[in-house]
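J.: Dumping what TrEMBL says about this protein:
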type     : residues  : note
REGION   : A:1-24    : region 'Disordered'
TRANSMEM : A:32-53   : transmembrane segment
DOMAIN   : A:91-305  : domain 'ABC transmembrane type-1'
TRANSMEM : A:95-116  : transmembrane segment
TRANSMEM : A:128-148 : transmembrane segment
TRANSMEM : A:179-201 : transmembrane segment
TRANSMEM : A:235-252 : transmembrane segment
TRANSMEM : A:284-306 : transmembrane segment
Amino acid sequence: MSSDATSLPDGTEFRPSPHARRGGLKAGDARFGVMLLLPALLAFGLIVLSPFIQALAMSFYKYTISTPEPVFVGLKNYGKLLSDPTVRASFVTTAIYVFFTTSFSITLGLAWAIILNEPFKGRTAIRGLSLIPWIMPATVSAFIYGWIFNSRYGLLNAIGKELGLIEYPVAWLADPTGAMVAVVMTKVWLSIPLFMSFFLAGLQSMDREQIEAARVDGAGNWHVLKDHIFPHLRPVFLVVVVLGMIGNLQQFDSIYAMTGGGPVRATSVLSVEVYRRAFEQWDIGMAATVGVLWVATILPPAYFYLRQLMKGAE
Amino acid sequence: MTELSIQGLYKRYGAVEVLTDINLNVRSGEFTVFVGPSGCGKSTLLRMVCGLDEVSAGTLAIDGEIVNDVPPSKRGIAMVFQTYALYPHMTVAENMGYALKLAGEDKGLIAERVRRAAEILKIESYLDRKPRQLSGGQRQRVAIGRAIVREPKIFLFDEPLSNLDAALRVDMRMEFARLKERLGTTMIYVTHDQVEAMTLADKIVVMSEGRIEQVGSPLDLYRAPENRFVAGFIGSPKMNFMPVTGQGDGRLQVPGGTIDIPAEIDASRVVEVGIRPEHMQIGLADENTLRGNVMTAEHLGSDTFAYVEIEGLERPVMVRLDGEHTIQTGDPVDVGFATRSVHLFDSDGLALRRQKVSNAA
């Protein structure tokens with residue numbers, strides 16, 4: 001320690017404080033850091049990484065109810081799948097589902113956030129109530145919507161008949177378009193609270209005087225929205241779009257509970273496709289292959305999201 | 001010509017009355033400062049002139065037209081906000097030209113007006129930057145520039161210097177004075193800092209608790225405050241106040257001594273007297289003298305502030321002396337002052353006026 005000491009010409013000595021930090025992590029610090037991460041790493045390895053590697057391996061095997069042991073087939077499953085029109089249809093269905101759920105959730109979530117950001121009586125209560133769809137299990141919501149769209153005693157048919165829009169009850173879920181509308185609506189309803197929260201947080205961090213300055217400058221509602229609120233919410237949009245896409249690509253429970261992927265394959269998104277191949281047709285190898293392709297679809301937005309997140313953390 | 005006329009103006013939020021019966025006229029080209037402690041309603045009044053807050057009762061006229069229900073952008077005003085409220089995602093030039101762009105003005109005209117305003121404020125070199133790349137003082141200039149570009153009839157400034165550090169504030173204060181000369185436009189300026197008010201204003205409006213206490217030129221307010229509040233608020237350091245404990249022979253008794261008062265004043269009505277620190281002296285027995293002990297002295301170089309403890313007074317009396325004055329803590333002293341520099345207040349806190357306004361130096 002005395003080697004670091006400095007002194008003035010008059011002989012006054014200064015030694016470094018014993019509490020001074022030395023540069024970099026000490027050996028003990030690094031070990032401690034690893035120990036902190038260990039539980040999460042273990043959980044990740046057991047629950048995420050190892051099943052994924054097993055599934056990846058399984059995608060190179062033929063393993064159905066008629067094969068007692070998995071048979072290695074190389075890339076054959078992939079070749080079969082890529083030429084399978086039902087899988088291509090499943091990708092299209094997924095794309096439609098993700099596009100509509102994400103865009104409607106964002107539009108309505110933003111609109112709702114803007115409304116809830118305005119001062120009015122009972123605002124706090126409504127903000128609280130708005131979170132209900134988010135709190136409820138998705139399957140419960142799916143059943144609620146199942147009732148709404150039910151052909152015999154559904155709310156939608158009742159209202160439609162009351163208003164004179166339809167003459168006879170419509171079997172919404174039995175119609176490919178109707179079923180898609182139903183699953184999309186359910187998911188949008190589920191997502192609005194989360195997206196609304198994101199946007200509301202963004203709106204609340206906005207400088208009130210900036211809007212007032214814009215008003216004084218002559219901006220009407222549209223210009224306030226376009227020139228000030230949207231640019232301010234841009235980073236939020238980025239996160240919400242990516243998170244929304246990832247979430248919607250993964251969606252399974254609400255769709256399966258409502259339509260089971262039907263009618264026929266109309267709402268059979270990738271997640272439902274994997275489930276059907278695995279547990280209805282007992283074609284584990286093919287299910288794993290669809291699963292791997294599905295992960296490959298999610299990776300780009302996920303990567304993009306993580307990169308943005310890391311950038312923000314720096 | 002009257003640019004702004006406010007008559008019987010009230011502002012209420014539910015049962016709470018924030019502004020009470022405000023009457024005020026501002027002449028064309030006048031630099032008017034609303035000053036008062038925080039919560040006195042000065043910012044609310046400015047926001048009502050701007051059109052950001054609604055008028056509860058009364059009329060507000062700009063350039064002869066009642067504008068109670070006219071939106072801010074159509075009132076011919078421009079406002080500089082306390083936080084500057086620059087648009088963070090627009091460049092300096094876009095910030096300044098925004099109002100003209102919304103008004104559908106020609107691009108060439110916008111560029112020309114922005115360039116001219118930038119020249120006045122010496123911000124030409126960073127027209128392409130974003131607000132976050134600017135320092136506090138530069139942002140302030142951009143905010144002013146944004147107002148200038150609109151060529152308003154009235155400029156409104158809401159505590160524009162409060163976010164700047166002390167040195168910059170003095171610079172910008174001079175800048176405002178220069179701007180006032182150069183533009184000659186009517187300006188209304190809100191501040192809680194009476195030094196800003198004194199240095200900038202043609203006309204000061206002193207406010208307290210939602211009411212106008214007094215309107216006048218800086219020196220009028222300093223020399224002849226109409227009430228105790230204005231007397232205490234205008235002037236730095238603050239005026240010393242002393243209660244009157246008795247009277248006789250045309251003299252008032254106060255803690256530590258007696259004070260002569262002019263014959264025309266009814267001594268029985270005076271309950272409190274006020275004397276500014278700069279009108280008091282130590283050691284020199286003038287017309288009036290108070291006895292006390294020096295509690296502490298602050299030597300600022302240019303001035304010496306002596307705090308003299310006087311028996312019967314809660315707060316020490318402050319005496320402003322020149323910087324050469326050396327004074328010892330604990331010394332018994334005589335504090336002297338002239339009768340003409342004494343302010344007299346009645347039980348309602350209103351100033352009792354001499355027949356001729358004093359010329360207290």
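Start at 1 and count along the chain as shown; that gives each residue its number.
Including glycine, each Cβ sits where the backbone N, Cα and C put it.
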J.: Go through the chain and flag residues at least 6 beyond the ends of the transmembrane segment (A:179-201) whose CB is under 8 A from any CB in it; none is fine as an answer.
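T.: Result: 93, 96-97, 100-101, 104-106, 108-110, 112-114, 116-117, 127, 130-134, 138, 141-142, 145, 149, 172-173, 233, 236, 239-240, 244, 247-248, 251, 254-255, 258-259, 262-263, 266-267.
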J.: Counting only residues 6 or more past its boundaries, what in the same chain has a CB within less than 8 Å of a CB in the transmembrane segment (A:95-116)?
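T.: For the transmembrane segment (A:95-116), the far contacts come to 123, 126-127, 130, 180, 183-184, 187-188, 191-200, 202-203, 225, 229, 233, 237, 240-241, 244-245, 248-249, 251, 255, 267, 269.
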J.: In the same chain, who gets a Cβ under 8 Å from the transmembrane segment (A:235-252) while lying at least 6 residues past its ends?
T.: 94, 97-98, 101-102, 105-106, 109, 187, 191, 195, 198-199, 201-202, 269-272, 275, 294, 297-298, 301-302, 304-305, 308, 312
J.: Same chain only, please: residues at least 6 beyond the ends of the transmembrane segment (A:284-306) with a C-beta under 8 Å from a C-beta of the stretch. Say none if there are none.
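T.: That would be 52, 55-56, 58-64, 70, 73, 77-78, 80-81, 87, 90-91, 94, 239, 242-243, 245-246, 249-250, 270-271, 273-275, 277-278.
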